[in-house]
Every structure is written in structure tokens, then in C-alpha cells.
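*Asks:* Heads up, here are the entries from TrEMBL:
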{"type": "TRANSMEM", "residues": "30-50", "note": "transmembrane segment"}
{"type": "DOMAIN", "residues": "41-276", "note": "domain 'G-protein coupled receptors family 1 profile'"}
{"type": "TRANSMEM", "residues": "59-79", "note": "transmembrane segment"}
{"type": "TRANSMEM", "residues": "105-126", "note": "transmembrane segment"}
{"type": "TRANSMEM", "residues": "147-168", "note": "transmembrane segment"}
{"type": "TRANSMEM", "residues": "180-200", "note": "transmembrane segment"}
{"type": "TRANSMEM", "residues": "221-244", "note": "transmembrane segment"}
{"type": "TRANSMEM", "residues": "256-278", "note": "transmembrane segment"}
Amino acid sequence: MKHIVNLYENINDTARNNSDCPLVVLPEEIFFTISIIGVLENLMILLAVIKNKNLQSPMYFFICSLAISDMLGSLYKILENILIMFRNTGYLKPRSNFETTADDIIDSLFILSLLGSIFSLSVIAVDRYITIFHALQYHSIVTMHRAIVVLIVIWTCCLGSGIAMVIFSHHIPTVITFTSLFPLMLVFILCLYVHMFLLARSHARKISTLSRGNMKGAITLTILLGVFIFCWAPFVLHVLLMTFCPNNPYCVCYMSLFQVNGMLIMCNAVIDPFIYAFRSPELREAFKKMIFCNSYQ
């Protein structure tokens, strides 16, 4: 999966020499620390929902799906660092069958992280839409059973797609498919948002008090989506440039920021839990009980 995940390593020396931009290298300790924090924070989200019955609703299950996606992204970097450490210390033979297999498994976590985030944000957008404009029918439309089925289907598709992308990562159609999911998700949510806010504006007086209160959920989704775009878009652009103009000096100059782009992805997993906590009083209360070791009601 080096073609997608470690693209900057494949830039040839001639292209590097034609560019005036040196490769930006960040200490692996920074990646490792941020990844550990990301795993712990998102694990707290999962534990809070599992232990607090008040949070066991479809909306928070969808949030847990996004938290799992963020956690997989952080876990990817942790395992990659461990694999590199074993290789550098001589405990792992370079380019052995074990290393190749381990690389593929670790890289699949990265793909799962992106795909899981895309589909989780999309299903959260649909959930917010139903909450706002079908508030009275929400609990009959979005049941726990249906939410679980949707999540099972989503993660089954993500797993199958992730494995396929790892196996066929050296093919350009795979890269195009990988990168096209990002703008497709944005277009889908954007269309949903435009319809949602236009409908809200034209029927403002008809929207119930409950629906107006649920607009807060739509604002939370907007923040999550904005952070996701900010953190992942630079990497997606990197993939496209590496595929279609790997020898162009301007492209190589941008690709010299590969590790910075990777850092942004790791930061996404750290930022999201703060957004949940800041926007959700229920989660804040659950975190307080977990931190101060109080029992749940």
C-alpha cells in the first residue's frame, strides 16, 4: 500500500532535485504521542456510550462509528511506528513476507479510517435531517435495530473496500476510486445541507420547537465536517498529485509536506472528541463521571 500511504517515498530523485522545496520531516515521537492521545480520547467516547444508558441511542451510535474511524487512524500510526522500530533494531527482516503482510494489514486500518469517517459523517447527516424535519416520526424511522443494521452494512462495505484497495493499490483506477469518495461525500452532504437549510428557512414558523432544538445537532455536524475536510483534504490532494504529476516541480514541492498532511490526519482524531464534549452536555456529564470515578445512573 506504499503507493497510497507512503507516496512521498516514491518521488524519484530527479523530481526532488528539480524542486526547491526540501522534504519536511517531523519527529516520529510527535506522531506517536498524538496517536496515543487520539486512541485514548476516542476510547473514552466509546466507554461513555457503553456505560451510560442515556447515551445508547442511534445518534450516539453513529458518533461511536466516527470515533472508531478516528481511533483506527491513530492506531494505524502507532502500529506503523512499532513496525519501523522492530525493523530498525534488526528484530524484523526488511521486505520479508511477514513485513509485507503486516504492512498491508496496517495500511488497511488507514483506508478503513477514511472510509469509516466518510460513511459515518454521511449517516450522521441523514440522521440530523430526519431529526429536524421528521421530528415526530424520528423514533419510528430511526430505531436502534435499523441503526445497528446500517452500521453493520457500512463497516462491512468499508472492510471489503479497504481490503480491495490494499490488494489493488498499485492500479490508478483504485487511486481514483479512493480519492473520489471524498468529494462524493462532500457533494452528498452539501446537497442535504442546502435542502435542509432552504427548507428550514421557508418553513421556519412551521418547524416545531423540538426540531429547532435539534438544529444544534446539525451545527455540530457542520463543525465535524469542517474539521474533517481541513484535516483530510491535503492528503487526498497529495494522492492525486502523486498519481498524475509526480515529476512536476510544483507538485513535488507540495508533496514535500507529506508528513505535515499526515499530522493533520492524526490531529483529526484528537479534535473530534473535544467537539463531542463541547457540543453535548450529556457526553460532558458522562466524561465527568468517568474521570472522577462516579457510578452511572
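Keep in mind that glycine also has a Cβ here, set from the backbone N, Cα and C atoms.
Unlike curated records, TrEMBL annotations are generated automatically.
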*Asks:* I need to check the long-range neighbours of the transmembrane segment (256-278): which residues 6 or more away from its ends have a CB within less than 8 Å of a CB in the stretch?
*Replies:* 7-8, 19, 21-26, 30-31, 34-35, 37-39, 41-42, 44-45, 63, 66-67, 70-71, 73-74, 77, 113, 117, 220, 223-224, 227-228, 230-232, 234-235, 238, 284, 287
*Asks:* Verify whether three or more Cβ pairs under 8 angstroms connect the transmembrane segment (147-168) with the transmembrane segment (221-244), leaving out any pair fewer than 6 apart in sequence.
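*Replies:* They do not touch: fewer than three Cβ pairs between the two stretches lie under 8 Å.
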*Asks:* Tell me, roughly as an integer, the mean pLDDT over the domain 'G-protein coupled receptors family 1 profile' (41-276).
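*Replies:* Mean per-residue confidence for the domain 'G-protein coupled receptors family 1 profile' (41-276): 82 out of 100.
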*Asks:* For the transmembrane segment (105-126), which partner among 59-79, 147-168, 180-200 gives the most CB pairs under 8 Å?
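*Replies:* It is 59-79 that shares the most Cβ pairs under 8 Å with the transmembrane segment (105-126).
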